[in-house]
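In what follows, a structure is listed as structure tokens, so that the remarks can point back to it.
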Amino acid sequence: MTAAITYEHIKTCKQSGARLGRVHTPHGTIETPMFMPVGTLATVKTMSPEDLKAMDAQIILSNTYHLWLRPGEEIIKEAGGLHQFMNWDKPILTDSGGFQVFSLSDLRKITEEGVHFRNHLSGEKLFLSPEKAMQIQHVLGSDIMMAFDECPPYPADHSYMKASVERTSRWAERCLAEHKRSGKDSVQGLFGIIQGGEYEDLRKQSANDLTALDFPGYAVGGLSVGEPKDVMNHVLEFTTPLMPEDKPRYLMGVGSPDSLIDGAIRGIDMFDCVLPTRIARNGTCMTSAGRLVVRNAKYARDFSPLDEKCDCHVCRTYSRAYIRHLIKCEETFGFRLTTYHNLYFLLNLMKQVRQAIMDDCLLDFREQFFEEYGFNKENARNF
């Protein structure tokens, strides 16, 4: 039986150790390292599937928790699965819903069986278990599914984190058993999630537990939750080597330009984040010269593009002054333009990262990019 998800290693950058590869899925092949736009409710906010294809998005992420609540998995099942429902014929990754249960619901009770919580929209009592998270994702029909994990708060003490890691490992085993029982493991790949916070011994314990289960891919969870960037990079330095070299490695919830480059240097293949779409709706844009808040008054008569060096449709067509006007008036078209540009910027950045790995010069690329973006300045504004 052919595995649903396989990883093909192409090259390691001699200068940085970053990996160039391909992830093969039932809906196509993805070049890595890569960034995944987030389509929480079966849509990347303000973008059409045609927009996403035009900017060369290879895969999108959707959210199990939100789709379970609205419209419900039964409606998506009637549509023929998530790909059919949203008219997207490329790969989809779905998260397990764990992060949302822990971040959106104030009233929750963690038991060995799963998590009891209240629907953040209606207040209705709900229960999500590893098995239920798998069953919903089977109906959604995503190419890559994520195991249901416990998402501990940051910071958390060692004893709390150890108990959490051990529960996540037991839940991962249950997820895998349910996935195999369903018979869907030939058409959907299930990734395990390594937890452990900033504790090296717990990351090692989590990685050992999960790699023993032989998932087709592995994610690093519990980062980008408020810790400083240098802590995240340090955790990646001791966690990534614990992950199999012949499987994809996914850093969850990371999407700032510096973190994408630094993550790739530390051996990560896949990234996702709501950052580019969320900040776009506030009029904040990523450009080759750094962060640009287009709603600011100084752009009222600025008829240049958002980014002189960007060749996206928005930068070729519209001015800062026009986009500022739209954003100030809360016109949806303005949010659409800034969203398109930000997503294009990150997808194009990852193309440049892949080329730099091919050319064995990713550290040189990082130095030049950081200098132009302004990351090297004292008190540099990040996202």
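Placement of Cβ uses the backbone N, Cα and C atoms for every residue, glycine included.
As written in Swiss-Prot, here are the features:
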type: ACT_SITE; residues: Asp95; note: active site, proton acceptor
type: BINDING; residues: Asp95, Ser96, Gly97, Gly98, Phe99, Asp149, Gln195, Gly222; note: substrate binding site
type: REGION; residues: 253-259; note: region 'RNA binding'
type: ACT_SITE; residues: Asp272; note: active site, nucleophile
type: REGION; residues: 277-281; note: region 'RNA binding'
type: BINDING; residues: Cys310, Cys312, Cys315, His341; note: Zn(2+) binding site
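Everything Swiss-Prot records as a feature, shown here on the structure.
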| residue | record | Cβ within 10 Å |
| --- | --- | --- |
| Asp95 | active site, proton acceptor | 31 |
| Ser96 | substrate binding site | 29 |
| Gly97 | substrate binding site | 23 |
| Gly98 | substrate binding site | 25 |
| Phe99 | substrate binding site | 21 |
| Gln195 | substrate binding site | 30 |
| Gly222 | substrate binding site | 31 |
| Asp272 | active site, nucleophile | 22 |
| Cys310 | Zn(2+) binding site | 19 |
| Cys312 | Zn(2+) binding site | 21 |
Proximal residue to Gly97 (substrate binding site) among recorded positions Asp272, Cys310, Cys312 (C-alpha distance): Asp272
Shell list (substrate; ref centroid = CB of Asp95, Ser96, Gly97, Gly98, Phe99, Asp149, Gln195, Gly222; cutoff 8 A): Phe102, Met146, Ala147, Phe148, Glu150, Cys151, Ile193, Gly221, Met252
Secondary structure tally of the region 'RNA binding' (277-281) (DSSP, helix then strand then coil): 4 helix, 0 strand, 1 coil
Cβ-centroid neighbours of Zn(2+) site Cys310, Cys312, Cys315, His341, 8 Å, sequence order: Pro305, Leu306, Asp307, Asp311, His313, Val314, Arg316, Tyr340, Tyr344, Phe345
Per-state residue totals over the region 'RNA binding' (253-259) - DSSP helix, strand, coil: 3 helix, 0 strand, 4 coil
Cβ contacts of Cys315 (Zn(2+) binding site) (under 8 Å, same chain, 6 or more positions away): Pro305, Leu306, Asp307, Glu308, His341
Closest of Asp95, Phe99, Gln195, Cys310 to Asp272 (active site, nucleophile), Cα positions, recorded positions only: Asp95
